[in-house]
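Visitor: Pulled these from Swiss-Prot:
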- Asp127: active site, proton acceptor (ACT_SITE)
- Gly11, Arg72, Tyr73, Gly102, Asp103, Gly104, Ser105: ATP binding site (BINDING)
- Arg21, Ala22, Val23, Val24, Arg25, Arg154, Gly185, Ala186, Asp187, Lys214, Asn215, His216: ADP binding site (BINDING)
- Asp103: Mg(2+) binding site (BINDING)
- Thr125, Ile126, Asp127, Arg162, Met169, Gly170, Arg171, Glu223, Arg245, His251, Ile252, Leu253, Arg254: substrate binding site (BINDING)
Amino acid sequence: MKRIAVLTSGGDAPGMNAAIRAVVRKAISEGMEVYGVNHGYAGLVAGDIFPISSKGVGDKISRGGTFLYSARYPEFANLEGQLAGIEQLKKHGIEGVVVIGGDGSYHGAMRLTEHGFPAVGIPGTIDNDIAGTDYTIGFDTAVNTAVEAIDKLRDTSSSHGRTFVVEVMGRNAGDIALWAGIASGADQIIVPEEEFNIQQVVKTIDDDFKKQGKNHHIIVLAEGVMSGDQFAQELKAAGNTSDLRVTNLGHILRGGSPTARDRVIASWMGSHAVELLKQGKGGFAVGIHNEELVESPILGSAEEGALFSLGEDGKIIVNNPHRARLDFAKLNRSLSR
């Protein structure tokens, strides 16, 4: 394999630039040429493809976001979009692709491989919700950003004797809420993976103020449960009498310079992705399990360890989906009382 491409797709995540840098420099060290694709699959279809040199990634490891830009491009799920992208790959003489992103990005990589273009996936999303890996690029930075913000909110919360609901990203997974909640000493953590009783939440708030003598209360809420504003309304309807404020950390969690861990993991994964292409292992994704690099086929059966399989209706099924550490929720309950 003499020429490969790299693209980022879906939501941006701190550490994506470190992964791109590793792909470029590892590939060049192996005698390959590397091309970047701007704006993900949309840029692939449009032919927004250009050569990248080792010097071109020299100052990127510390930068957040992705200098290749990113976009969601659902049209790539259609055969027409896939064939248009493949035509551009052929036009540029590209023989393999590294795709950095989440589940949707992996689906695109799977389709490219099915059409004869080897593609390897690298998990890049702050939500940490990808099957086949314990850890996704951007998660550590997002958690640290959330903790820093919650620590500051605690200062103002305790100054005024208030309850704060802090909404964090996590549409399908509560990992950011769990990790940030524990690290910041939150009083309650609400995640999609665990049922909650709104009356019990209100009782815990009351007990903290009236029985425990606390002068503030912090609730970390994953967005996949409901919005912070809706949660506040439900608290009020359930009888909450404390002075309540809602803060949505939102997209701030995606920004900022990546942590050392995100930079190292991204570099490790990026380098290994090139090794997989070199070995002809298209259709695989890189991951981390028990602090070791692992690789999983993107499409196949659950028994084969594949990330996805196809149902009888042709719809994509997630095999062994990522599960949040709910034992962390139990840990937080024991530490916050």
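For all residues, glycine too, the Cβ spot is worked out from N, Cα and C.
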Visitor: On a C-alpha basis, identify the one among Arg25, Thr125, Arg171, Asp187 that is nearest to Ser105 (ATP binding site); the candidates are the binding-site residues.
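Guide: Comparing Cα positions, the candidate nearest Ser105 (ATP binding site) turns out to be Thr125.
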Visitor: Report the same-chain neighbours of Arg21 (ADP binding site): residues 6+ apart in sequence with Cβ closer than 8 Å to its Cβ, ordered by sequence.
Guide: Val57, Lys60, Ile61, Ser267, Gly270
Visitor: Out of Gly102, Gly185, which of these binding-site residues shows the lowest number of other CB atoms within 10 Å of its CB?
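Guide: Result for the binding-site residues Gly102, Gly185: minimum number of other Cβ atoms within 10 Å at Gly185.
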Visitor: Measure from the Cα of Gly104 (ATP binding site) to the Cα of every one of the binding-site residues Arg25, Met169, Asp187, then give the nearest.
Guide: Met169
Visitor: Under 8 Å between C-beta atoms and at least six apart in sequence, can you list the same-chain neighbours of Arg25 (ADP binding site), or say none if there are none?
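Guide: When sequence neighbours closer than 6 are ignored, Arg25 (ADP binding site) has Ser54, Val57 within Cβ distance under 8 Å.
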Visitor: Using DSSP and three states only, what is Thr125 (substrate binding site)?
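Guide: Note: Thr125 (substrate binding site) is coil by DSSP, not helix or strand.
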Visitor: For the binding-site residues listed here, Gly11, Gly104, which shows the highest count of neighbouring CB atoms within 10 A?
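Guide: For the binding-site residues Gly11, Gly104, the Cβ with the most other Cβ atoms within 10 Å is Gly11.
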